[in-house]
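According to Swiss-Prot, the protein has these features:
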type     : residues                                                   : note
SIGNAL   : 1-30                                                       : signal peptide
BINDING  : 152, 159, 160, 196, 205, 206, 207, 277, 278, 279, 310, 511 : substrate binding site
ACT_SITE : 312                                                        : active site, proton donor/acceptor
ACT_SITE : 496                                                        : active site, proton donor/acceptor
REGION   : 540-565                                                    : region 'Disordered'
COMPBIAS : 548-565                                                    : compositional bias 'Polar residues'
């Protein structure tokens with residue numbers, strides 16, 4: 001869906017011709033990929049809608065993950081014949097015709113384990129193998145074993161996996177890191193991109209693009225051979241994110257690509273479908289109905305696109321933080337996504353050079369440099385003194401500070417003076433007793449205050465360290481690890497998100513109960529333990545006292561979270 005073209009021709013951004021040709025070649029390849037599996041809402045039509053609306057299961061994801069026992073067309077035909085008969089029982093019909101997902105066995109860790117021992121013991125518990133799946137299963141098969149987040153998340157998730165892999169590498173499980181990279185490469189080869197997760201209902205979108213960073217991580221162990229091996233898949237993923245760029249005029253958007261009036265190319269989150277999400281069917285329908293002033297399809301796409309961002313949901317995407325139906329993800333250019341695209345271009349340049357293609361390496365460097373200029377021009381709020389998202393409707397950078405603002409530092413795309421301002425903004429507005437706040441807004445959504453998420457803690461920590469802001473970085477790690485340790489001491493588990501307004505409490509909000517496991521928290525915790533403890537004295541639990549800054553420690557903000565951005 002393109003926005004209207006401007007009335008007069010605009011100057012085209014300089015994009016190397018060979019990159020355009022490469023996009024064209026990959027689009028032909030994409031047309032040759034196998035027919036993708038259909039999601040359950042399409043396979044089962046009115047039956048799927050009726051089951052979800054009947055709320056037979058507390059979690060809408062349960063039926064989305066159910067496996068038909070026979071051809072869905074036959075099940076649907078039987079349903080149409082039986083549904084109006086006297087005494088028809090929908091729950092009985094579902095139980096007869098579907099195999100419901102099994103609840104995972106409750107893991108009881110051995111007593112007396114340290115935090116590190118607990119995490120190391122969880123890796124095999126969270127490992128799954130689905131080389132073969134049932135014919136009509138929404139679960140997509142993968143050739144190698146993989147680590148899932150835990151809880152209701154029975155499949156592998158794209159951006160979660162990078163932070164999980166950091167922990168696997170820290171534990172010495174390079175074989176598992178290699179397996180997961182191979183799985184994601186398989187998805188790119190099979191579907192043309194990495195879906196949100198390995199479910200048919202996730203195929204219409206991706207997630208924050210960390211594949212190139214995964215390959216770079218693997219290269220720490222295998223050297224440039226990993227970069228050369230996965231260069232074709234990295235190029236194909238890049239083409240997916242840039243699909244449609246060759247036909248864009250200034251001021252237009254196409255799928256995941258945005259071309260601003262001066263020709264600057266940036267990216268946004270996008271889902272190819274504009275229907276309710278099968279895993280949150282009833283919730284999405286209710287959200288759309290609650291705002292009759294907007295087309296339901298527009299709201300559905302913005303809900304789906306927010307899921308593609310990983311931040312589902314957050315005031316970051318909304319006009320009114322208290323009303324989810326005002327979200328408009330597709331009209332926002334995210335600072336974190338474009339930072340990751342910059343990093344992808346830099347890694348593509350490095351991989352191309354390793355493969356002996358210096359000309360292509362130079363082209364990717366040109367693209368990375370152009371994107372870096374775009375980030376500095378459009379995704380920096382000079383008045384506020386922090387990085388932020390760009391609003392395509394108002395044609396202005398937004399004012400809200402979020403933890404996503406640390407991504408330019410994480411990928412080394414930030415100017416030094418701006419990184420220093422980000423350090424000040426972070427400790428003034430986001431740092432709390434239990435770690436880094438996601439935003440300063442209390443909306444009831446899970447990607448808002450008072451929740452803190454492991455991946456954002458690590459991005460901030462690494463990003464600030466990249467620019468010499470070690471004290472703030474160490475404080476973030478220290479406060480978050482203390483939160484993780486206190487929760488573990490009380491409950492003997494690591495969880496998906498934490499309440500950072502205090503320590504020792506899991507986070508709340510969102511569409512489902514708090515999940516434990518938890519892949520990315522495990523990975524980030526291991527990285528942070530090795531960061532705050534000296535190599536000559538590694539620690540298995542979080543030390544009782546701050547290990548680095550003994551005095552003049554940065555004090556976390558004690559300001560009450562504000563109700564509006």
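First residue shown is number 1, and so on along the chain.
Cβ coordinates come from backbone N, Cα and C, glycine included.
Residue density at residue 205 (substrate binding site): 25 other Cβ atoms are found within 10 A of its Cβ, drawing on all protein chains shown. DSSP gives residue 496 (active site, proton donor/acceptor) a coil state; it is part of no helix or strand. For residue 496 (active site, proton donor/acceptor), the nearest neighbour among the recorded positions 160, 205, 278, 312, judged by Cα separation, is 160. Counting only same-chain residues six or more apart in sequence, the Cβ atoms lying under 8 angstroms from the Cβ of residue 310 (substrate binding site) belong to 159, 207, 208. Around the Cβ of residue 152 (substrate binding site), a 10 Å sphere holds 18 further Cβ atoms from the protein chains shown. In the three-state DSSP reading, residue 310 (substrate binding site) counts as coil. Across the structure, residue 205 (substrate binding site) and residue 312 (active site, proton donor/acceptor) place their CA atoms 13 angstrom apart.
The Cβ of residue 278 (substrate binding site) lies under 8 Å from the Cβ of 39, 40, 41, 48, 52, 60, 64, 138, 201, each of which sits 6+ residues away along the same chain.
The sparsest Cβ neighbourhood within 10 Å, among the listed recorded positions (160, 312, 496), is found at 312.
Distance from the CA of residue 312 (active site, proton donor/acceptor) to the CA of residue 152 (substrate binding site) is 16 Å.
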